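Working notes, structure below.
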């Protein structure tokens, strides 16, 4: 094996390593929020819009990845449109991530409605997001109905699914970013999720760049707009969330109602210092009881 072949083999190995590493980062990033909700038995502080539209987005991504990997018609249509790089840059780790993300997104979404967790009465799907979901579904149905093999092919429908996923990824972060701004706090939002999400976006982008370079043509980037766009959008919004958490609202306080053996008392829950608030609350309650006892004795 000559040096060029060795470098190519190494590049393929690095690509696979990056691919499964991004799957691990992005896959694990779904669990902190799921676990936080489970431990708190609450979804307060979370935007239902984000988690609802996430299900639709990953459903589109899953179908898109399946088509590029298993549909001969789609792969042939792709090769005709990209003759210089006829092999789609969709990989097995892309499909694994999409399927896994869809499953976890459904479970997390169900915590709002099926698990009996505490949530604010105003925490419900907004009318604007419901309209977006309806429009996305209608566009998919319409595109499927007008496929004729000439003007519009099935690969165009697959690309539409990808663009819907990108659109959803672009708008799904906005409600949470606005909610953080409105509450002046990131309490209840998993920052570990954001760190893992940023790492996954970077690794995914690196894999796509390597795969495209191995084909000797950068059309692989254009031919896989979902993967390329997802990494850019994810890293961009992750920077916003990190800025909110560590700079804008660092040390911010939020009044929360906690269920406890004492019957659900109000406490100050400051990020990273919950115990201080609890101790202060106990001291306040103790002082109140002592004052009441003293009053009773005086009477």
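Placement of Cβ uses the backbone N, Cα and C atoms for every residue, glycine included.
TrEMBL lists transmembrane segment for one of the ranges 127-148, 193-214, 215-236, namely 127-148. From the options 20-38, 77-95, the stretch TrEMBL describes as transmembrane segment is 20-38. Sequence-distant neighbours of the transmembrane segment (127-148) (same chain, 6+ residues past either end, Cβ-Cβ under 8 Å): 49, 52-53, 56, 60, 154, 156-157, 160-161, 164, 167-168, 171, 175.
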